[in-house]
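Chemist: Sharing the record's features from TrEMBL:
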- 337-475: domain 'GGDEF' (DOMAIN)
- 484-740: domain 'EAL' (DOMAIN)
- 34-55: transmembrane segment (TRANSMEM)
- 67-85: transmembrane segment (TRANSMEM)
- 92-111: transmembrane segment (TRANSMEM)
- 131-151: transmembrane segment (TRANSMEM)
- 163-186: transmembrane segment (TRANSMEM)
- 206-221: transmembrane segment (TRANSMEM)
- 233-249: transmembrane segment (TRANSMEM)
Amino acid sequence: MEKPYEVSENLLGHKPSPALNSIPFDFSTRQRQLSYTLLALLLIAGFQTLRGHAWTGSGHLHTVMETAATLLAFVVGTMALVRYYSRKNNTFLVIGTGFLGTGLLDGHHALVTSEWLSQRLPSALSALMPWSGMASRAFLATALLSSAWAWRREATLGESGRLDASTVYFATAAATLLSVIVLTFVPLPPAHYPISVGGFHRPQEFVAALIFLLALIAYFRKGKWKTDSFEHWMVISLIVSLVAQAFFMPSSSRLFDLEFDLAHLLKSVSYICVLAGLMISMYSTYRQVENEVEIRAAAEAEAERMALFDELTGLENRRAVHARLEQALAASRRHGWNGALLFLDLDNFKTVNDTLGHPAGDELLQQIADRLRSLVRSEDTVARYGGDEFVILLCELAERPEHARDRCWKIAEKVLTSLGEPYRLGEHAYQVTPSIGIVLFPDASETAEDVLGHADMAMYRAKHDGRNAIRFYNPQLHKSAQRRLTLEQELRSAIDRLELRLYFQPQFDLHSGRPSGAEVLMRWLHPARGVIGPLDLIALAEESRQILPIGEWIIEQTAMRVRGWEQSGLLTDIRSVSVNLSPVQFRHPRLVATISQILARCRVDPGRISLELTESVVMEDLKGTLQTMRQLKDTGVRLSLDDFGTGFSSLAYLRQLPLDELKIGRCFIRSIVHNQQDAAIVEAIVNLAEHLNLDAVAEGIETADQLAFLQRIDCRFGQGFYLQEPIDADEFDAYIRSKSGPDSLRHARII
């Protein structure tokens, strides 16, 4: 049988942490004994110090204190019964019913303070109030003493020793009702003695004090106060009650004197102590259940992992690949991005097994798995499909198929190069090569089986063409590579041909509706291919290593524009103009020097320029990032964390970053109206920014409902197509000259 208060073994047979069963403070037994002694001495010393001091209380104050005590008693009683029904032990049943009965008696005690009511009762107010107060205290003391007896009964007799709940309820209700009837309708003798007995004017109060003392002794003899949180606080409560009943209340010579009011105050304190013990005890149970759930979840996860992972390599297996591929196909169709599946087969692997043995073959497969893991992103999937076949699933490569193809090709080349390097197998150095087949999705096939089949066909085509090769299922490799090379060559001269243009997406003060800044976007006005947007353009610039000169050109052009607006006096309401820094730019050793030179050359106020960084860049090398950011701040520019909340940044590190602004990712803004979790995240980011003294800017506002929500949570700044699409520099001039926002923003503000 499970003993009261003791945590049983969890469902999986694991012992929970000892911390779950004990008070959160790691006090030793001696320290607790000392704390109890000091508490009692302090209370007694307080009594000796305050005794006899002039104090004029009032019936109103007494009513307030007793009303509070009544509410506390009901709360404690209710929580104790909740604890009883979750643990089914006698102690909490008796304590819960005892506090509920005490709450009724305390309520009666508060009511008789009214002179109007007391005049209609047979007892004088000077007798009725003290006797009703003592009855309440004696009732609770008896209940607490009974709870110790009930625990002993259950511990000795086991299941048969458990009390019947209905019997306890009936007995408590009968005792409470009888007490109220006697106190209300039976004439009561005087409660105060003008001549003190040993310095005490109300010696009858010692009856309740004696019962509290017996209850305290009983709880001490149980010994559970040494480890159990509830018992610890119960002992503290009994000490407070005992001192109040043995010293303060007997010394009261009249109603509402200092001893009288302090005794009632200490009564409420004792209730709070029991409440604290209950709350800590319930929290400990919650932690125990949480621990059991975590252990069960870990066991289930381990079982699932064993079903979905290859035992030899630790990679996902064929079953997992099918499931992940189905998910990737659905996501790619839903979000409009392209992914790829690489199917690898090792050339001449059978020779390794035949010449070096199967253990060497297993070692080779493990080394290949390690190399493949190191070549892909964390969101990609590497799996052992069977034998010497491996699969790499690449998701979210690009929105355009040709870009996805090019990126996939580069990854495949890395795989080809890495796997072709020699392997150390015992004393032997051995070299194998892969044949790689690639299929893009979702447009190439409809089902996971189709994708895998087409990738397998492409892999065999690679073997047919001489092995150690890469082939696409519907080969367009040469054409795609040529087109990419042409674009890269054309991009090198795009600046000189004035084909690169800066566009500005206005940011608005969502309170006033006026322009407050802008984000700089670059577009390539290609003479043959039309407009190439910033995402594809920046990706092309990074991959072709042209991002540094292009990025420098963007910053300089922006600084020159801002300088012109400064000279024209147009930046009164403009906080700053934001420029995105790519990861390649941010990691370049001459970034700070380049920024400083541009600022000096353009003679622009650095505070008007804001540099945007992504979370992934910041968290990649936090130490180096902090150093670079501080150096940038020394130049005077503002720093903004872009797409905040979409990465993996830690709030512990956020306060270290010298930031001026948090930009809320459009992935949250998109669904704030319909998704409560995203709405809560956005509101939390806005509040966080406010407390950190940072500006919060919402990106991607596309509807009136989104705007209304952001205004309601007091998000100060925002941008998006609903407010204004990106515009060229001349149009942005007009915006800041007009000093007014779009009609949609003004209309939303009026509503």
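Just so you know, glycine gets a Cβ as well, placed from its N, Cα and C.
Provide an account of the burial state, proximal residues and distances for the features listed.
Modeler: Residues 27, 235-236, 239-240, 242-244, 247-248, 251, 257-259, 261-262, 266 of the same chain, all 6+ positions outside the transmembrane segment (34-55), place their C-beta atoms under 8 angstroms from a C-beta of that stretch.
Panel annotation: around the transmembrane segment (67-85), residues 92-93, 95-100, 102-103, 106-107, 110, 165, 264, 267-268, 271-272, 274-275, 278-279, 281-282 of the same chain, lying at least six beyond its termini, place a Cβ under 8 Å from a Cβ of the stretch.
Sequence-distant contacts of the transmembrane segment (92-111) (same chain, at least 6 residues past either end, Cβ-Cβ under 8 Å): 62-63, 66-67, 69-71, 73-74, 76-81, 83-84, 117, 129, 132-133, 135-136, 139-140, 142-144, 146-147, 150, 163, 165, 168-169, 172-173, 175-176, 179-180, 183-184, 271, 274.
Sequence-distant contacts of the transmembrane segment (206-221) (same chain, at least 6 residues past either end, Cβ-Cβ under 8 Å): 134, 137-138, 141-142, 144-145, 147-149, 231, 234-235, 238-239, 241-242, 245-246, 250.
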Chemist: Counting by DSSP, what is the helix, strand and coil composition of the domain 'GGDEF' (337-475)?
Modeler: 62 helix, 44 strand, 33 coil
Chemist: Who are the chain neighbours of the transmembrane segment (131-151) in space, where the CB to CB distance is under 8 Å and they lie at least 6 residues beyond its ends?
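Modeler: Tertiary neighbours of the transmembrane segment (131-151) are 4, 89-91, 93-95, 97-99, 101-102, 105-106, 108-109, 112, 123, 163, 172, 175-176, 179, 183, 188, 191, 204-205, 207-208, 211-212, 214-215, 218-219, 222, 234, 238, 241, 245, 249, 264, 267.
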Chemist: Where does the mean pLDDT land for the domain 'GGDEF' (337-475)?
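Modeler: Here the mean pLDDT over the domain 'GGDEF' (337-475) amounts to 86.
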